[in-house]
Amino acid sequence: MKGELRSLLQSELHIFHEAVNRALSSPLSGKLGIAVSGGSDSLALLLLGAASDFLVEAVTVDHGMRPEAAEEARFVADICQQIGVSHQILTTTIQANGEGMQAAARIRRYALMAKWAKEKQVGALMTAHHEDDQAETFLMRAARGSGLNGLSAIRPDVVISAEDQSLRLLRPLLGFSRSDLAAIVQKAGFTFVSDPSNDNPHYDRTHFRRLLKASPWINRQHIAETARYCQQSEEAIEWMTDKEAAARIRQKGSVLYLDPTDLPIEILRRLVLRCMDKTTGKTALRGAALSRFIAALQQGKKAMLADVIGQSGDYWHFSPAPPRKKAAL
């Protein structure tokens, strides 16, 4: 079957190989995993992975959130058996957190797949995010007023954390459109399932997907290219921030000291964030709250944000806020 797929998908496979190698920002240790739901996007990724020169294994997560999910997982398992790819179904149940069922499902899914990847010696897990996803994500974040990091949208190679599990993700299909991927599945002679949640108006992404579909004058490729430029700019600023951090941040006990002299505001913001993150051991707030915190320090005031006390001077001081007193019963 692999030979047949290689013959059928010859031109697409060449692009895929280049995309995987380009996405790998550092050498790969172990096999490549493929996250497959049964939709056209992930099935195309599965078929390309099966036909490729890479050693691959596939995984499907059944959240139990839809009655048809178990059947869809078995559908993927049958295809994997046909094309000779090792496959495992991971089952779980989801309890909503403060961010909703979709967010809870995403965190749980990645945590399960991270554990699976470790057990299977999978060095990176490929997901089927594509050019349309990239354009939708960019527009969603632009509408929310995101900065450069947010506008970088979907990165081709990233390490994430979920439930104290880390997982390296590769997105080699960012140069493929949604229609390209559906055509690959059809070309190989397979069918795919449709997830009704993709058209659920309850989710923001559905509205942006409809906007793009109804606006042919919006060029998805150009938006994806802009996201790549943002990624490159973000990497350059982080590179500069690393250099400034080494020269300007010092620690004495639980207190961090930062020299804020003559810094561009974006570099200063990132250095302050690093000091705060290191002070508390958790990611500090961003956005308007951080801007107000920095403005207070620039005005020579004392300020507090996210359990960190900041004091101005020639060097800015960052220290943990004292524990809050419990209310008397």
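Backbone N, Cα and C define each Cβ position, glycine as well.
Caution: TrEMBL annotation is automatic and unverified by curators.
So that you can see what the record holds, here are the features copied from TrEMBL:
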{"type": "BINDING", "residues": "Ser37, Gly38, Gly39, Ser40, Asp41, Ser42", "note": "ATP binding site"}
{"type": "DOMAIN", "residues": "32-210", "note": "domain 'tRNA(Ile)-lysidine/2-thiocytidine synthase N-terminal'"}
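Applying an 8 A CB threshold to same-chain residues 6+ apart, the list for Gly38 (ATP binding site) reads Thr60, Glu72, Ala73, Phe75, Val76, Phe192, Val193. Asp41 (ATP binding site): 25 other CB atoms within 10 A of its CB, across all protein chains.
Sequence-distant contacts of Ser42 (ATP binding site), defined by Cβ-Cβ distance under 8 angstroms and a gap of at least six in the same chain, are Ile34, Ala35, Val36, Thr127, Ala128.
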